[in-house]
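Under the heading (6S)-5,6,7,8-tetrahydrofolate binding site, Swiss-Prot lists Leu133, Gly137, His138, Leu139. According to Swiss-Prot, the N6-(pyridoxal phosphate)lysine annotation covers Lys242. Taken from Swiss-Prot, the feature site 'Plays an important role in substrate specificity' covers His241.
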Amino acid sequence: MSQANAATKASSDVFFNASLEDIDPEIFGAIRNELGRQRHEIELIASENIVSRAVLEAQGSILTNKYAEGYPGKRYYGGCQYVDVVEELAIERAKKLFGAEFANVQPNSGSQMNQAVFLALLQPGDTFMGLDLNSGGHLTHGSPVNMSGKWFNVVSYGVRKDDHLLDMDEVARLARENKPKLILAGGTAYSRIWDWKRFREIADEVGAYLMVDMAHIAGLVAGGQHPSPVPHAHVCTTTTHKSLRGPRGGMILTNDADIAKKINSAVFPGLQGGPLMHVIAGKAVAFAEALKPEFKLYAKNVVDNARALAEELKSHGLDIVSGGTDNHLMLVDLRPKNATGKRAEAALGRANITCNKNGIPFDPEKPFVTSGVRLGTPAGTTRGFGVAEFKEIGSLIAEVLDGLKVANSDEGNAAVEQAVKEKVIALTGRFPMYGYQG
């Protein structure tokens, strides 16, 4: 073997066999540190969850090497016979999980899935209705800073000021006055049950499509803990992470064959090129997990834990927007503790409790300050926390916020936060992740 060939072989051996730690210790170190953070912190961000090792393996597989523009059986590249199997499994499992006739599993994100529906069903300048961001909606539901708010005429609906519940009379009135082409239901910070039937009645009355973005509650729908929008909506979108516990990505469901064709064309070639086959594999695995009986117990535990956390926080003098929760999340009004969301997020973070600042309905504070935090139970429930643990977590949160109130500064109360941090590390140590003990 020549020196050149030997060098090429050695280089090839390194390329195919060397570990990440050997090739890129900086990235390896960042990932290792993030794993440590996840192991030793309590994750309360409502949109986050923890995937199984099987999902990690699928998403980190050699499927990342394969281009597969098009759909199963109709690809623009050769060599797709095995990725076709993967995508077909994902589609069939999604349809079974949600009782839908059609599923597109290619959207790369929640924003892109919603954009694809707009591309399929609307024209620039058309009117659609969506939940106001300040009432718990999403950027893609018509926020002026988002494409959805720039390309379309948006009419926003909201919650009532007295009880922070959806004002369905207002939805009906706005629909009659504005004759939208599409009504979008669903949100990112609404803790109560959605009345899909009433939304469909309003949509039918004005001749609008009903689109439901169930990204946050899809796992609860799949687990039987929230009414399904699929029988009522013309089209449903959902992310595949959050309460569904899969990889980060999106999905679109419908029971209408004509809409399905428009959706498929909007996703590809309208919005995306080659799908991420390794992510679709992860989606398929997560859907299979969600079809198992134990996922129904998981979904029930998510809701039970959220209610326990909300009640514990209320017992410590905090206000919960709308008075409580029917799903996986809650908005905590911090004003009784004279705290802002910005300060609370930072203080809780120093105590190893991760959450996000969040505006509350009719919030007097600026969006980057806020009067509230949003808390969710999917990740902690995946980890194994039950009602007892979430009551303890609620008490720890109150302890930090009380310390913050005494300190009355951005720096917080170091002694209280350190004491809580030690309790958090002890708690998380009892619920190891990915086979790790300690």
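Cβ atoms are placed via backbone N, Cα and C, with glycine included.
All features noted in Swiss-Prot, drawn onto the structure.
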| residue | record | CB count, 10 Å |
| --- | --- | --- |
| Leu133 | (6S)-5,6,7,8-tetrahydrofolate binding site | 23 |
| Gly137 | (6S)-5,6,7,8-tetrahydrofolate binding site | 24 |
| His138 | (6S)-5,6,7,8-tetrahydrofolate binding site | 23 |
| Leu139 | (6S)-5,6,7,8-tetrahydrofolate binding site | 17 |
| His241 | site 'Plays an important role in substrate specificity' | 27 |
| Lys242 | N6-(pyridoxal phosphate)lysine | 28 |
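DSSP classifies His138 ((6S)-5,6,7,8-tetrahydrofolate binding site) as coil under the three-state reduction. The two recorded residues, the residue listed as 'N6-(pyridoxal phosphate)lysine' and Leu133 ((6S)-5,6,7,8-tetrahydrofolate binding site), have Cα atoms 19 Å apart.
Sequence-ordered, the extra residues of this chain that approach the (6S)-5,6,7,8-tetrahydrofolate site, with Cβ no more than 8 Å from the Cβ center of Leu133, Gly137, His138, Leu139, are Gly130, Leu131, Asp132, Thr140, His141, Gly142, Ser143, Asn146, Gly187, Thr188.
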